[in-house]
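To start, the structure under review is shown below, and the notes come after it.
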């Protein structure tokens, strides 16, 4: 997707189309990537991460190679936008799911390191893509990029599946007081009903787990993220145009993105390391709430930055805040719903977040056009993210409180059950002595 956005200017010269139609390739690519989330989750639940990642690598590579033979912009819509977007979806979600399968004790650190790939690519892609274009043209650069992303198949082959032990279900015993005829009828009816329910649940869970919509933590995460994504990516998109609007030259404006990516690159693993500590890990949702609120405050203060030095300072702080948020984005989801439901949860989240991700930058651009100034766009994004940070903090405080209450109730119920079991095993004399003592 980054490659398509960067090369849009080159396609403008090659196919003689307006720039807006070329940028639409990146929009189709990201839309396919997000909409394919449930499909990727279904395939991961059915076949595991290894084959899905390998197929995704082949799709992305095929899309890049086929795009090098394109003769029209429609050809690139199909190859880079649709095929490449689907392949990216088949790469990201299985990779995140396998991290939750492999790691538990140091999972925040593993997620932080896994999410570091995005800023590394953002930092290195622009000079690499420009070098390939100067040496081999846009067709040759697509061929080489197709060969590079083919390494995703190698990465997928290294994802060794983990065997999960299935606990046998306890057999139900018929009560001895029931008659044989009534017992046979009731057992037959119960068996038939259980088979029907298990069949329906098996079909649903085989594809995707819709019972997550009844999960309190998942709903908190989903509602907050849907609102948050309206203001999350727009400041990144408009950072360089805002600098040019302040009278800064194009080279220095573009260099702000490199600074942003460099800071982001180091902050993500450091955030994972910090989130893995014994002080933060038990309440990591509060850490995520702070990261979201930190992003909002950063954007609210952006219009106060004057000159290039002020924008560099804003970019560094923004890179820190954005890196913290991205490093924790999927870790907090794993913490809420568990690793076994993570694949289905990511699929549901991505397809619902598709709208905010695609509508956020255009709406922000409309604010710039309406007021003729970028500061109102930064104010709007800052208010959205600050409000989401407060929402996350309040709702996770409520969620943690409910979880503690449910845990205490569960322990009390287990204690009562164990005491009743002990009483049943006692003789009448021992039971009378136990009641007399207690």
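Glycine too: its Cβ is placed from the backbone N, Cα and C atoms.
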Listed range which TrEMBL flags as transmembrane segment, given the options 254-274, 401-421: 254-274
Segment-segment contact (the transmembrane segment (218-242); the transmembrane segment (286-306)) at 3 or more Cβ pairs under 8 Å: yes
Annotated stretches the transmembrane segment (254-274) and the transmembrane segment (109-128) touching (3 or more Cβ pairs under 8 Å): yes
Non-local residues, at least 6 beyond the ends, that sit with Cβ under 8 Å of the transmembrane segment (109-128): 2-3, 6, 95-96, 99, 102-103, 254, 257-258, 261-262, 264-265, 268-273, 275-276, 323, 326-331, 334
Long-range Cβ neighbours of the transmembrane segment (345-364) (under 8 Å; 6 or more residues past either end): 27, 30-31, 33-35, 37-42, 89, 93, 96-97, 208-210, 212-213, 218, 221-222, 225-234, 237-238, 330, 333, 337, 377, 380-381
